[in-house]
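Taking it in order: structure first as structure tokens, then the write-up.
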Amino acid sequence: MGHDTKPHGDDAGAATAKMSKAQSADQHDNVAINASGHVQELERNFSLLSLAGVGLVVGNVWPAIGGSILVAIFNGGPPGVLYEFVAVSVCYWTVAASIAELASAVPSSAGVYHWASVTPGRRWGRVVGFFAGWWNYLAWVLGAASMASIFGNTVVQMYALNHAGFEARPWHVFVVYVVATWLACAVVCLANGALPRINDFGVVAILAGFLITVVVVAVMPGRDGRPPHASSSFVWTEWTADIGYPDGFVFVAGMLNGAFSVGAVDATTHLAEEIPNPQRNVPIALGLQLSIGFVTGFCYLVTIMYAINDYDALFESPYPIAEIYRQATGSAAGATGLLALVLICIGLTLIGLYITCGRTLWALARDGASPRPDVLGKVDHRLGMPMWSTVVSAVLVTVLGAIYVGSTTAFNAFVGSFILLSSSSYLAAILPNLLAGRKRVAYGPFHMRGWIGFAVNGFACAYMSVWFVIYCFPYALPTDAQSMNYACVIWGGLTAFVALWWFLGARKGYEGPTTTGGVVAEMEDADAYDPASREAEARELTVLIDKIDTAALAARASFLRQGTPCHIEPLRYDRATRSSVMGGMNYHVEIRFDDGVQWIARIRRFNATSPPAQLRDYIIRSEAATLGFLEKTGVPAPRLYDFALEHADNPVGVGYILMEKLPGRSLRWSTATQEQRNTVMSQLSDAFIELRKYPFNVLGSLDRPGESHVGALARESLTDFAQSGMRTIGPFSSLEEYHKSSLQLVLNLVLRGEMYSNLAVDAYLIHRFLIDLIPSVLPESGPEPELEPDNQKFFYLKHADDKGDHILVDDDFNITGIIDWEWAHTAPPAHAFNSPIGFLPVADFYNGSNDLGDDEVAFERLLEEKGRRDLGRFVRRGRLQHRFAFCCGYDLAADWSGFLGLFRGLRDAAKVDEGLGWEDWKAVAMRRYKEEAGLQLLLSMQRKAFCSQA
């Protein structure tokens, strides 16, 4: 595959402006990373089927409903169990559809927590998302505790069935509970790469266990002297309820059992960053989970209800499903065998639950929502998973087990609390979007349009709101300590704990998810916006294609190869294949010669954000000069053959660069093994060493093809268009001068109302502060100055968009080319040779950690092993410079919440105004700069605008 799979100069965003959106597993998955707000750290191990397997295994409907049937058997008998299951399934289908729609729009491992941070809007999203995240996480912890208790009860009852004199004690269940908890945790931590296969086995086990159980339980009653099947009237019509409530209330309260078995509708969403194309695949997996779960659950319930021949004996058994199996098979051995199938399924479910628990807590921690985010928010790259968040989840489940110790009342409370907490988190995400007219997110492939979306969301919210209250009622009347429902107490206590953590610890520092991918911040109607965007792009590309004279372009290419014939396929705009021929800034035309050689014509796009022709010409000339310079180095870059500007005498009709089409595919760093990464880093270190041989005297962009002259920076964001003119900034004699000029440019644009008009005061304070911060972040000389004698004298060529997909590799991960040199410029060695953005552990930038990531450490070591301790030192000491560059280039309007976390991380790392949340820091900055004319002007304009609106 050629390197047009990732077009040169694809403007996924400035490398410094959109660092958190930088890495992607492939072109399409970039949406997922944008949504989560973090560089991909987890490997995409899961396929659609294995993801659906996780949902099926975690949902585990038929074993869960059998193991928890004690909750429902009192609420109407067999008819109650069956009809309540159908009713609650229908209700949860609407919840699942609402969740799937949000997952398609904002695919993130944070799941409900992320959506609840988006849908309430900027004002309330921070606090609502915080509570939703913790409700969701605690629900999964209680779900794990419930399943561990079912596992413990199953083991103990299997033993009791075969030992008539055995009297089960609570501590027996607790011991098994703890062993199962930590075995499942160990599997998740130590066998991350095998989890998809384990889940595949889980799917087989659940479906095979279902078939075996249904066949055995359906066939054995009535044979060899065993009691016959129950009558159809007993199963379908004989309502039995003696718990003190009216029959109608008995029915709705009895839906709790079904809710526990089908209510894990967000399980698959927490693996959105571990599957390709999550916008499409997560909703499909969720649909498969719900449909298979309902069919197997309902058939299983019908089968076991027909197997009951002594209804009263169920109430005397501490574990009714064991008694049902004994009645069905007529023997303890038969019941034990069927319970073994349940045990296997529950064990696999525990593994799936710890996958979900660990990923959920990790997603909270990496955004600073938990204690010790520096520990809980990290991925252990040796294990390939968030180890500490998984271990902490197991500790919490163990603590809950100590409370449980075999109590039926406590088990019922766990089940009820799981539903209350999960429903609260779902409501926090779905209801605000519904109240806002379903306009808060830009929907993905799964979108319920028009009245259907309102109806489904409305029914889901109504169900969860009403049944939240119903599930808090005591299990029976009159109420005593044994029949009391403690679920509301657990929910209230845990919510109070979360609130306490919010007010005492998290409120000041927590900024929320690092980006609001999928958000429609200023758009009034996302449904109207998407078609409009598509139409605008189609018009733009159609106009561009019409301007390109492909015959003239082919003739020029043929002339440059001494008349070798070539051809260009007819150009047309096709949205389905657009990513293969265009990025945000450039359009590519492939030229094929008859002898098999392939070139690319790289053409600047003309859209609303494109610079004027004068700057487009300068950027083309600069990239051509850079590629020409690279030809005399050993860096594997595309060879330049020709370029032309937008002049009247250009027969092609547009400016272009003709370059070599290199073999290979874009590097997918997140899916590469450590060995493959080492291969790439070794070759990339050679490129660093090569570029170190070519010093320049100033900081700027190469601007004269065929020469090594450095001029102004060739970049739209570093150009002032004041008074209909164009002023590119640079070149500079120092990094300090460059930083001051680029930041002052932003301040000037803000003051003129040309940038951040809705955030003018905030943007002014931020960039004014960054100017003051420059002396604190400039590279310092190390303890061995002889290693870097030219640190302040010379500058070196730097690739300014090094997210990882600028590297092309073959199947063995040998580098075939380094592309996208459009924004390249010279920089001081401490900047030119620090870690590529693709190697950075981005979560650390939001929690203030200065520890190098594993890839950075490996890259530093490779450089030192090659005798370049100076370059290794630049990698080791580059963290603060990275932080500062990201903050300077960040697009505040596009991702305000993401910037807040990054900005605090910078201040903490620089030890200036550290520890302050946004509002506190803003108050300090307002006092600091209150006398400056620029701030006074903006405040005056703000007051006038307010008075005008009033």
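Glycine residues also receive a Cβ, built from the backbone N, Cα and C atoms like all the rest.
Under the heading compositional bias 'Basic and acidic residues', TrEMBL lists 1-11.
Among the features that TrEMBL reports, region 'Disordered' is placed at 1-20.
Per TrEMBL, transmembrane segment is recorded for 48-74 (among others). Long-range neighbours of the transmembrane segment (48-74) within the same chain, counting only residues 6 or more positions beyond its ends whose Cβ lies under 8 Å from a Cβ of the stretch, are 80-81, 84-85, 146-147, 150, 153-154, 196, 199-200, 202-203, 206, 209-210, 213, 241-243, 254, 256-258, 260-262, 264, 267-268, 271, 275, 281-282, 284-286, 288-290, 292-294, 296-297, 300-301, 304, 314-315, 319-321, 324, 341-342, 345-346, 348-349, 351-353, 355-356, 408, 411-412, 415, 475-476.
As annotated by TrEMBL, transmembrane segment applies to 81-100 (among others). Within the chain, the transmembrane segment (81-100) has long-range Cβ neighbours (under 8 A, six or more residues past its boundaries) at 65, 69, 72-73, 75, 112, 235-236, 251, 254-255, 257-259, 261-263, 265-266, 269, 282-283, 286-287, 290, 294, 297-298, 301-302, 305, 426, 429-430, 446, 448, 456-457, 459-460, 463-464, 467.
Look at TrEMBL and you will find 137-161 (among others) tagged as transmembrane segment.
Sequence-distant contacts of the transmembrane segment (173-195) (same chain, six or more residues past either end, CB-CB distance under 8 Å): 43, 45, 144, 148-149, 151-153, 155-156, 347, 350-351, 353-355, 358, 383-385, 387, 390-391, 393-394, 397-398, 401-402, 404-406. The annotation transmembrane segment is assigned in TrEMBL to 173-195 (among others).
Annotated transmembrane segment per TrEMBL: 201-220 (among others), in sequence order.
Residues or ranges marked as transmembrane segment in TrEMBL: 284-308 (among others).
Positions annotated as transmembrane segment by TrEMBL: 338-362 (among others).
Residues or ranges marked as transmembrane segment by TrEMBL: 383-405 (among others).
Positions annotated as transmembrane segment by TrEMBL: 411-431 (among others).
Annotation comment: TrEMBL describes 451-477 (among others) as transmembrane segment.
According to TrEMBL, the transmembrane segment annotation covers 483-504 (among others).
Per TrEMBL, the feature domain 'Aminoglycoside phosphotransferase' maps to 598-831. Here the domain 'Aminoglycoside phosphotransferase' (598-831) returns a mean pLDDT of 87 for the predicted model.
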Criterion met for the transmembrane segment (411-431) and the transmembrane segment (284-308) (at least three Cβ pairs under 8 Å): no
Leading stretch by Cβ pairs under 8 Å, where the reference is the transmembrane segment (338-362) and the options are 137-161, 383-405, 483-504: 137-161
Selection from 137-161, 201-220, 284-308, 483-504, the stretch that has most Cβ pairs under 8 A to the transmembrane segment (383-405): 137-161
Ranked first among 137-161, 284-308, 483-504 for CB pairs under 8 angstroms with the transmembrane segment (201-220): 284-308
Distal contacts, the transmembrane segment (284-308) - CB-CB under 8 A, six or more residues away: 48, 51-52, 54-56, 59, 61-62, 65-66, 78, 81-82, 85-86, 89, 92-93, 96, 99-100, 103, 206-207, 210, 213-214, 217-218, 220-221, 229-230, 234-235, 258, 261-262, 265, 267-269, 314, 321, 324-325, 327-328
